[in-house]
There are 4 protein chains.
Amino acid sequence: MSNTYGNIFKISTFGESHGKALGVVVDGCPAGIDFDELFIQQELERRKPGQSKITTHRKEADSFQVLSGVFEGKTTGTPIALVIFNEDQRSKDYSHIADKYRPSHADFTYTEKYGIRDYRGGGRSSARETAARVAAGALAKLYLKTLGIDVKAYVSQVGPIKLDKSYKELDLNTIEDNILRCPDQDKAAEMIELIDQTRKKQDTIGGIVTGLAFHVPVGLGEPVFDKLHAELGKAMLSINAVKGFEYGSGFDGVEMYGSEHNDEFYVEDGRVKTKTNFSGGIQGGISNGQDIYFRVAFKPVATIMKDQDSVNESGEAVTVSGKGRHDPCVVSRAVPIVEAMTALVLADMHLRNKSSKI
Amino acid sequence: MSNTYGNIFKISTFGESHGKALGVVVDGCPAGIDFDELFIQQELERRKPGQSKITTHRKEADSFQVLSGVFEGKTTGTPIALVIFNEDQRSKDYSHIADKYRPSHADFTYTEKYGIRDYRGGGRSSARETAARVAAGALAKLYLKTLGIDVKAYVSQVGPIKLDKSYKELDLNTIEDNILRCPDQDKAAEMIELIDQTRKKQDTIGGIVTGLAFHVPVGLGEPVFDKLHAELGKAMLSINAVKGFEYGSGFDGVEMYGSEHNDEFYVEDGRVKTKTNFSGGIQGGISNGQDIYFRVAFKPVATIMKDQDSVNESGEAVTVSGKGRHDPCVVSRAVPIVEAMTALVLADMHLRNKSSKI
Amino acid sequence: MSNTYGNIFKISTFGESHGKALGVVVDGCPAGIDFDELFIQQELERRKPGQSKITTHRKEADSFQVLSGVFEGKTTGTPIALVIFNEDQRSKDYSHIADKYRPSHADFTYTEKYGIRDYRGGGRSSARETAARVAAGALAKLYLKTLGIDVKAYVSQVGPIKLDKSYKELDLNTIEDNILRCPDQDKAAEMIELIDQTRKKQDTIGGIVTGLAFHVPVGLGEPVFDKLHAELGKAMLSINAVKGFEYGSGFDGVEMYGSEHNDEFYVEDGRVKTKTNFSGGIQGGISNGQDIYFRVAFKPVATIMKDQDSVNESGEAVTVSGKGRHDPCVVSRAVPIVEAMTALVLADMHLRNKSSKI
Amino acid sequence: MSNTYGNIFKISTFGESHGKALGVVVDGCPAGIDFDELFIQQELERRKPGQSKITTHRKEADSFQVLSGVFEGKTTGTPIALVIFNEDQRSKDYSHIADKYRPSHADFTYTEKYGIRDYRGGGRSSARETAARVAAGALAKLYLKTLGIDVKAYVSQVGPIKLDKSYKELDLNTIEDNILRCPDQDKAAEMIELIDQTRKKQDTIGGIVTGLAFHVPVGLGEPVFDKLHAELGKAMLSINAVKGFEYGSGFDGVEMYGSEHNDEFYVEDGRVKTKTNFSGGIQGGISNGQDIYFRVAFKPVATIMKDQDSVNESGEAVTVSGKGRHDPCVVSRAVPIVEAMTALVLADMHLRNKSSKI
């Protein structure tokens, strides 16, 4: 297992879906940051289930405790442990799938790899784990705030319904104006309708989250292996249900000619800028001062309410039946997770960049 | 900078495009592997420029030397240093761009980050660096061979021309039958024609490489951050010119319903298998024994022969003119690089998995 | 800060002396280990203050909670979080030293490095942090138990009073027979008397702990930098108040000739053994199957009850007065800490060794 | 194997005693350092064999090549590869010990761990590997020079002959005035005589090197595991033949009372200083601005010219006979190695400290 992310701003998460608690230890957070507990709690609220009719109805309070690393309202440079105790640990709900491998879940692979598996709600493989990332990401955002860096994300596609405007043409202040976190209110209504119908069909549907970072200084990213976009890609792909990542022109850039795709430089107000930004704010793996933008593809979540064929640990054919509540589409809740991971990558890269030159 | 990749099977690459030498130190390669020098040289040949009319004509011998870590034909468990001396170090060719920022190259970001830049052929940011990866990847392939794991890649798109068959419908033994490394001979001919025309237009075009791994045992991948696909994604995104990565159903999976996308389990010959494989052989970040497949998007390379607007280090407007030879499309040469990085990820993950259980 | 130790069996500790809680996340513990809660609690009891007249009288319950990573009595391969809530968080006791730099404490260096310091009981620099190490070390011992490896430590010197017998001449089963954890009952009585007098003088005194590991298989240790004794040395030197480390012949070996010091090999019962063991069970940085033994020097702890000259944060001359209770000699409580760190090093090295050869 | 040291200023060494070449890749050296090739060569000269009658007579040119990372006389922030080609690769000399385990060498442990061993001159376990460390350390010294930090070492004991003065009472400018690198000329003469006699006896003898660092700023060291002295200890213990490490009061501090040992603070010229320095310049694992001093114990080297009993790979009793030349005492050549490792630790810690606070 590797539950640690980051080189300097380093996080270690722990906890299972239905275990006693989830949490994270942040080791390497610089001292002197104003520790805004309210902000961290608000970020957790954005991720938690049961927020609206398009998310799972499972209720989780998700209130966190600070166990260490903060003194008189400031970070001290020592490790910061944040813990969220689970209120709901009813194991009995999961007895019906205890020895069954749910299709496209991690049940089979965890059992094979570890020889044992906490089957309650997916255990460690549950997306519940991302609560710890959001808490740590909120702390990273507080660090980025001291640098003027701004991280945002929004839903840009649900099933086949896509936004036809780029992030530049949208009013990003309206992201939180609907339950989907989509800054195009008309499209959002369509998407919400699709999700609601999908829920009624006891099914799930995928979607895309667009990630953004503004005012990132030039110089973040560590070639050749830890290029900024490579770390962003890894961070996004490490989120449950993510199947793809592209930045700047992405997969569409494949069809362009170099003469179209190259971003010509010019100088404005004494700063070097690019006329276009197919590079997505990253050149040679290093931020170039332009907006960073990328897209993250989420598959339809595997938990559906329909019956499915599968096998159990003994290799016998079984039927897996859905039970309880399910999340018809995760993208609205994925928005704060994408932001959190982006913030963690940028915070770590900002600290790493301090050693680039004498 | 971070020029080290891997946790156990760990590589550190070094070298600039026009410096004295390129190379790699592999630290953590298990002892006892038959060190097949010829095979490593062959892999380097597959990547080297000047192979055909669709690649750059720059000539590089790319013959490597083994400085350490091999004794009587076998790896000894000690670090293996492989070095490729550059034959061609003519700096004069680059004087015309010494202080200019070439559009969509790393000239600007390197200069800002490090305060200094080896401008000869892009220095460290040149794709020449990938020769070291291919050498290390060949060694990783030799390790995977002892395990029966097979890694392959091929060109599946150039500009707008795409293969309409999946890897299952293609004869992968024909990949090397054309200079493009595309296993559909008709499509390959079309793509080669497009690349040739692009070269004549002094321009470049993007493309997609499909990566594959067969016979991967169940259990590779280290959740929650080092999921197998997250590491594959990072590894691919760290290759020059890559803009996107998707595995299994990828971005297309977004439009599917969970009931379509879920891979139902069954048992055949005593092994647990899945009926479909939208998961791309990875569930919960861990290989499940099915084929691993993914796609890597390459943008059109930034070096074109046309004049472009830009600025120099003093912030003055300048014209950047192409000179010499250029690579109209990198995908044919990217195939061995994608394979190399895949092999490195799998070798490392195989070793990491040894600690999963008692 | 670096609060993470280990490469595969990796621990991250957190918590301040008078914060809400201390704890540790163990990431990389193999699945399938019987999680013996009682044993872990017993190990914590051995370290905790207030055990006897020769330790500090501060009362701490030191009972721990398991937040994650254990299911149905076994480790699951997921991160194991162990937390000890502090019962005693009275900040007022420390107001008298809030802005003073206590001599030979970390007050000055922490304030300079981080710009802020939790002054309550030394905050993060307090030896209270070692409780988390003991908990993690107990888990490492449970892993080593599955391998038959046995770790032990005992007090071999207090002030000028030394044992004149080697570990081979002592009955190690009697270590816990006295409050000092010294297997020579007569010497122990002398040492205890010295400590008691030191306490009455409101002073402190140093000592030496001898560490041992038996039945360690051949092959543990990763040259050239992570030699087994180098990691043991680092682990010991990372414990509060440690000033020196030596293994095998140690500093005394300096005065020997090679012809005396070399450990000649012979074969017994089909196993390669050494006639002498000046190597301390480690050759070339790798365990050779013989007993591992080493010595760890602890300085007199800095907290004394006498008045001392110092300065405060404003650079003014001040007097630092001792108050409350103090620990006249830490070696008895250091025994379980030395064992814990030894176990952590060996567990990590055992897992790392799995990748040495195909 | 772990041939990588450092977190930010990271080195990876490679090479066997009688392989093609030795070398090091330095990844993370900041850009902009004046790359003084002559200085690096001089440092290598200080370590190389054949310098004087008290070292081995094996001749090695030890001239190095820079393969990457330097441009127009400055470091560029990219990895710096330094290589020393071996001139002397005569394998035949070692046929007599090819399958024998030399006492107190790494022959047995390497064979067991890796299943294969380059027996020529000890292969990777040879102290020849330290040449790469000295080259990298010289680069670290060039970085420290930009910060005003000064690193020194000298021989303070050979066999039973010890200096009776502390580093403060010696003229450190005279260290290089004799072939032993001992700043007490009378004692040096005695020690040299002892070494010369030991050589004639075909034997070896141990010794102690004292390490020093001056003008180290406050704040270096990363508690709780990477305390400055813990990293120094690990670095020293990773050097061939080292059996012990102590800093500040070290093992002698054990016999002191806290009231004697504590270093009281005072202010002079606006700087916080300590009256005594039993702490050795490090408190709580962090440099406090005082002189750093420590001692490193070297055992007598294992290669002697006398016959010894041993076994071979088949477990048969054999006689190991010395042949050729040997190094009667390594301490004079160890001086630059101790300095190199000290410089590497301090360079890395200086870069790590940049992230301590906002």
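Note that Cβ sites are derived from N, Cα and C of the backbone, with glycine treated the same way.
Whatever TrEMBL says is automated annotation, not expert-curated.
The structure displayed is predicted, hence computed values, not measured ones.
Quick look at what TrEMBL annotates:
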- D:Arg47, D:Lys53: NADP(+) binding site (BINDING)
- D:Arg124, D:Ser125, D:Ser126, D:Asn240, D:Ala241, D:Gly284, D:Lys299, D:Pro300, D:Val301, D:Ala302, D:Thr303, D:Arg325: FMN binding site (BINDING)
Could you tally the C-beta atoms, other than its own, that fall within 10 angstroms of the C-beta of D:Thr303 (FMN binding site)?
25
In Å, rounded, how far does the Cα of D:Ser126 (FMN binding site) sit from the Cα of D:Arg47 (NADP(+) binding site)?
14
Going through the binding-site residues D:Arg124, D:Ser126, D:Ala241, D:Lys299 in order, which have a C-beta under 8 angstroms from some C-beta of chain B?
D:Arg124
Could you state the CA-to-CA distance between D:Arg124 (FMN binding site) and D:Arg47 (NADP(+) binding site) to the nearest Å?
17
Interface-proximal binding-site residues, chain C, C-beta separation under 8 A, candidates D:Arg47, D:Lys53, D:Arg124, D:Ser126, D:Val301:
D:Arg124, D:Val301
Which is it, of D:Arg47, D:Lys53, D:Arg124: the one of these binding-site residues whose Cβ has the most other Cβ atoms within 10 Å?
D:Arg124
Measuring CB to CB from D:Val301 (FMN binding site), give everything in the same chain under 8 Å that is also at least six residues away in sequence.
D:Ala127, D:Thr204, D:Ala241, D:His326, D:Asp327, D:Cys329, D:Val330
Check each residue in the chain of D:Lys299 (FMN binding site) that is at least six apart in sequence and keep those whose C-beta is under 8 Å from its C-beta; list them in sequence order.
D:Gly206, D:Ala241, D:Val242, D:Lys243
Return the maximum Cα to Cα distance in Å (whole number) over the record's FMN-binding residues: D:Arg124, D:Ser125, D:Ser126, D:Asn240, D:Ala241, D:Gly284, D:Lys299, D:Pro300, D:Val301, D:Ala302, D:Thr303, D:Arg325.
45
Return only the integer: C-alpha distance in Å from D:Lys53 (NADP(+) binding site) to D:Thr303 (FMN binding site).
17
Quick one: pull the CA-CA distance for D:Thr303 (FMN binding site) versus D:Arg47 (NADP(+) binding site), whole Å only.
18
With H, G and I counted as helix, E and B as strand and the rest as coil, say where DSSP puts D:Arg124 (FMN binding site).
helix
What count of other C-beta atoms do you get within 10 angstroms of the C-beta of D:Ser126 (FMN binding site), across all chains shown?
23
